[in-house]
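J.: Provided herewith is a single structure, encoded as C-alpha cells, for subsequent inquiry.
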Amino acid sequence: MSERRALSMTTLSSPSGRRPAWLLIAGILLIAANMRAAITSVGPLLDRIAADYRLSSEMSGLLTSLPLLAFGAMSLLAPRLAEKLGSERSLLYGLALLLAGMLVRALPGTEALFAGTALLGLAIAVSNVLLPSLIKRDFPAQIGLLTGSYSVTMSVFAAIASGVSVPLAALPGWGWSRSLLLWALLAALAFAVWLPISLRSKSHPAAVSPQSPARMLRSPLAWRITLYMGLQSLTFYATITWLPVLFHERGFSAASAGWLLMLMQLVSLPTSFFVPVWASRMRSQVPLVAIAGALSLSGYAGLLWGSTSLSLLWITLLGLSQGATISLALTFFGLRTRTAAEAARLSGMAQSIGYLLAAFGPVLLGTLHDRTGSWNPVLAVLLLVSLVVVALGLGAGRPGTISEPDGGSELRSPAGSGKLTGPAR
C-alpha cells in the first residue's frame, strides 16, 4: 500500500484515543498554513510600516527579527509544555496565542506592533517544535511525506502572504494594518479544526525523552543540526526581510518586489515536498545537502555579481534551495532521533539556539547596509553563510542518530522503503 493510501485509510490509535487520520492531517496542515504567513506578510510592507512609525533600519530589522527571538525563547519550553499538557493541547493553546498576537499587532501604536509580533512569535514556536515530534509519534512510517506536506503548506501560505500584502494594503480603507490582520481568519480556522482534536485527546503528558537536555547539548550531531537549522533560517529571514527593499532600490516597484518574493517562495514548493520524501528513503542525505547548497550559492552569487535582468533566475535558484534546506532541517529531527520525545528535545534545541542565531541576521545585515550604503556587502555575507550551511549539512546528513551518532543502522529499513524499524515512541 502506498504512503498516500496508507495515510488516507489509517485510524490512529494512541494514548489520546482513536481519531481519524484525515482529521489530524487536516489539523497539522492548517497549523502549518499559519506558521509563516504572519511573518512573511510583513516584509513587502516594511517600508510603509517604517514610514508610519518612523522606524530606523535597525528597528525595522528588529521588528522582523522579533519572531525569531521569540522562537528561540519558546522553543526550549515547548517540549516541557508538551510533557505536562500533551502535544495536542499545547498546540491548541499556541493557536489561541497566535490569534491574540495578530489582534494586538493590529492595534495602533509602536508598542502594540512590537508586542503583538512577539506574541505571535511565541505562538508559532510551539508549532515549530511540536509538529515534527507529533508526526514521528503518529506517522512513524510517513515522516518524509508528512514533513514534505506541511513544509509545502507552510511555503504556499508564506508565498501568498508575501504576494498579496501590498495589493491588500492598497485597497480603499485598508492600509498595512488591515492587510496583516486578514491572516487572523486563517488562525481562527485552524483553532476551530484543532479544538475537537484536542478535546478528543486525553490530558496524558507526552513521554519524557531519555536523552537529557545536557546530554543533547554534548552531542556533536545535535549541534550540527542546530547550526544547520539556525544558519539556513538566518539566510531565509534576512532574504525575505531585505530582498523587497533591494529590488525596490534596483528599480522595481514595491508591488513587483513583493511578487518576486512570492515567486521565490512558490518555487520552493517542489523541493519542500520531494526532498523530505527522498531524504527518508536514503541512508545518507549528503547528496541532497550538496545540491541544495549549490543552488543557494548560485542564487546569492547571481544577485551579487549577475545581471539585474536575470533576477528571475536568481530568485528561482534561491527558492529551490530554501525549500530544500528548511525541509532537510525539519526531516533531520525525525531521522536523527529514536523516539518522538527525543525528536521534540532535538527540535527544541535546534530551534531555540538556531532561531536566536537567525534573529541577528535581519538586524545586523540592515545595519551593514546602512553603514555601507550598498547591498553588495550584505549579499557577500549571505554567500559566506551559505557556505557554512553546506559544511554543516554534510555532517548532519551522514547516517546516525543522536543516541548513536556513529551507527543507528538498526533503526532504518533498507534505503527506499521510507519506513523506520526502530521504536515509534
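Just so you know, glycine gets a Cβ as well, placed from its N, Cα and C.
Any TrEMBL annotation is an automated prediction that lacks curation.
Source: prediction; values computed, not measured.
As listed in TrEMBL for this protein:
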- 20-398: domain 'Major facilitator superfamily (MFS) profile' (DOMAIN)
- 403-425: region 'Disordered' (REGION)
- 21-39: transmembrane segment (TRANSMEM)
- 59-78: transmembrane segment (TRANSMEM)
- 90-107: transmembrane segment (TRANSMEM)
- 113-131: transmembrane segment (TRANSMEM)
- 143-168: transmembrane segment (TRANSMEM)
- 180-200: transmembrane segment (TRANSMEM)
- 221-245: transmembrane segment (TRANSMEM)
- 257-279: transmembrane segment (TRANSMEM)
- 286-306: transmembrane segment (TRANSMEM)
- 312-334: transmembrane segment (TRANSMEM)
- 346-365: transmembrane segment (TRANSMEM)
- 377-396: transmembrane segment (TRANSMEM)
J.: I need to check the long-range neighbours of the transmembrane segment (346-365): which residues 6 or more away from its ends have a CB within less than 8 Å of a CB in the stretch?
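T.: Residues 58, 61-62, 64-66, 68-69, 71-79, 125, 128-130, 132-133, 213, 216-217, 222, 225-227, 229-231, 233-238, 241-242, 329, 333, 336-337, 378, 381-382, 402 contact the transmembrane segment (346-365) from elsewhere in the chain.
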J.: Determine which recorded stretch among 90-107, 180-200, 257-279, 377-396 has the most C-beta pairs below 8 angstroms with the transmembrane segment (143-168).
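T.: Selected stretch: 257-279, with the most Cβ pairs under 8 Å.
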J.: So which residues does the transmembrane segment (221-245) touch in its own chain, when a touch means Cβ under 8 Å and the partner is 6 or more beyond its ends?
T.: 39-40, 43-44, 46-47, 60-61, 64-65, 68, 162, 254, 257-258, 260-261, 264-265, 296, 318, 322, 325-326, 328-329, 332-333, 336, 346, 349-351, 353-362, 365-366, 369, 375, 378, 382, 385-386, 388-389, 392-393, 395-396, 400-402, 405
J.: Take a look at 90-107, 180-200, 257-279 and tell me which one has the most Cβ pairs under 8 Å to the transmembrane segment (113-131).
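T.: Looking only at 90-107, 180-200, 257-279, the most contacts with the transmembrane segment (113-131) come from 90-107.
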J.: Take a look at 21-39, 59-78, 90-107, 257-279, 312-334 and tell me which one has the most Cβ pairs under 8 Å to the transmembrane segment (377-396).
T.: 312-334
J.: Could you tell me whether the transmembrane segment (312-334) and the transmembrane segment (90-107) have 3+ CB pairs under 8 A, leaving out pairs under 6 positions apart?
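T.: Answer no: the transmembrane segment (90-107) and the transmembrane segment (312-334) share fewer than 3 Cβ pairs below 8 Å.
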